[in-house]
Amino acid sequence: MPRASRTRIGQVAALLADLDAEQGRAVALAPMAGITDLPFRRLALGLGTPVVVSEMVASAEMVVGGVQARARAALGLGCAATVVQIAGRDPQVMAEAARRVADLGAGVIDINMGCPARKVTGGAAGSGLLRDPDRALRIIEAVAGAVAVPVTLKTRLGWDDDCATVAPLLDRAVAAGVARVTLHGRTRCAFYTGHADWAAVGRRTAGLAVPVLVNGDIDGVAAARAALAASGAAGVMVGRAARGRPWLPGQIAAALAGRPVPAAPTGGALVDLVAGHHAAMLAFYGRDLGLRVARKHLGWYADAAGVPAALRSALLTAGSEGEVHALLPRAFAASERHAA
Ligand SMILES: Cc1cc2nc3c(=O)[nH]c(=O)nc-3n(C[C@H](O)[C@H](O)[C@H](O)COP(=O)(O)O)c2cc1C
């Protein structure tokens, strides 16, 4: 490995270790397109999530200054712990996108090598790169060479059950400058079926010279502890379980750090939280788009809190901010009685 790469890996690994030491055991909110936008990431950070990851930002769109790409990469004040994830297939375009994202202030840049969606893998991006390790490596080298901030990688166990290429690819990725690896314990072909194989994450990453985050089906403190024990990873990444429960990664982080675990908000505190999130979404997207984007979050909050079907449906069909806000106390007060 060239001396420059070794020095760089040492520096970025130290940066990430400092970040983790400041914030307790590494617990990250997973990148989720259409979900981990700036309002959601801010909320999760405020509720104690140590690290948040943006939705994936299409590199080609970023380099032409696309409004959507810039919105996905938006950081806002107090968001230094934000990892911005970029996706694409062209090393030079990925490098340029990384530069632009770093200029916006991203603390860490993550390369998407895990997205299973056909429109992404069809273009040999996301987990499609698992079938083209040489291209994957050229992308990693180009991105790591383009920016001074740490570069991380998120991927899956492999393309299909024949996962033999992944461990060597991870070794090469680390040699090229990747400072942390997140591994979702499923193959690309498994999509979201079955259960994430945390032990397989451990086998694929054994001996890797950088910290690993284990990902997949972590839905609480017990699952986080089990995933860490099975994989030997340094930390966890939590995705779908945080929908409607933005406090969950913060609770897991507190538990793993041996701190008292903050209670999940209920009743009036939950109403305030949902109302604040709703207002933030409308401010970020504008009124009309904001109301539409907010509906899925209202549905997840309602599901997580066990809101009765009629009230849930009223919340999701409300046509104005005022209507939503008027319904929230009834919806979530009822859910508390329902839960009890
Ligand atoms: C709606 C949705 C969008 C996602 N978008 C991304 C993405 O942009 N980038 C990425 O690397 N993974 C993405 N993922 C995958 C998650 O980051 C995570 O790896 C996966 O959901 C498994 O973790 P979980 O079981 O905790 O949800 C997405 C998942 C979902 C459900």
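Heads up, the Cβ atoms here are built off N, Cα and C, so glycines get one too.
Note that the structure is a prediction, hence the values are computed from the model and not measured.
Here TrEMBL flags 29-323 as domain 'DUS-like FMN-binding'. As annotated by TrEMBL, FMN binding site applies to PRO31, MET32, ALA33, GLN85, LYS154, HIS184, GLY239, ARG240. Under the heading active site, proton donor, TrEMBL lists CYS115.
All features noted in TrEMBL, drawn onto the structure.
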residue : record                    : DSSP class
PRO31   : FMN binding site          : coil
GLN85   : FMN binding site          : strand
CYS115  : active site, proton donor : coil
LYS154  : FMN binding site          : strand
HIS184  : FMN binding site          : strand
GLY239  : FMN binding site          : coil
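Its own atom aside, the Cβ of LYS154 (FMN binding site) has 27 Cβ atoms within 10 angstroms in the protein chains shown.
Neighbour counts of Cβ atoms within 10 Å were compared across the binding-site residues HIS184, ARG240; the minimum falls on ARG240. The residue listed as 'active site, proton donor' is 11 Å away from GLN85 (FMN binding site) when you measure Cα to Cα.
For the FMN site listed in the record, the two most distant Cα atoms among PRO31, MET32, ALA33, GLN85, LYS154, HIS184, GLY239, ARG240 lie 17 Å apart. Taking every protein chain shown into account, MET32, ALA33, CYS115 are the recorded positions, and of these the Cβ with the most other Cβ atoms within 10 Å belongs to CYS115. Averaged across the domain 'DUS-like FMN-binding' (29-323), pLDDT for the predicted model comes to 91. Rounded to a whole number, the distance between the Cα atoms of the residue listed as 'active site, proton donor' and MET32 (FMN binding site) is 10 Å. For GLY239 (FMN binding site), the same-chain residues 6+ apart in sequence whose C-beta sits under 8 angstroms from its C-beta are LEU29, ALA30, MET32, ASN215. Cα of LYS154 (FMN binding site) to Cα of CYS115 (active site, proton donor): a span of 9 Å.
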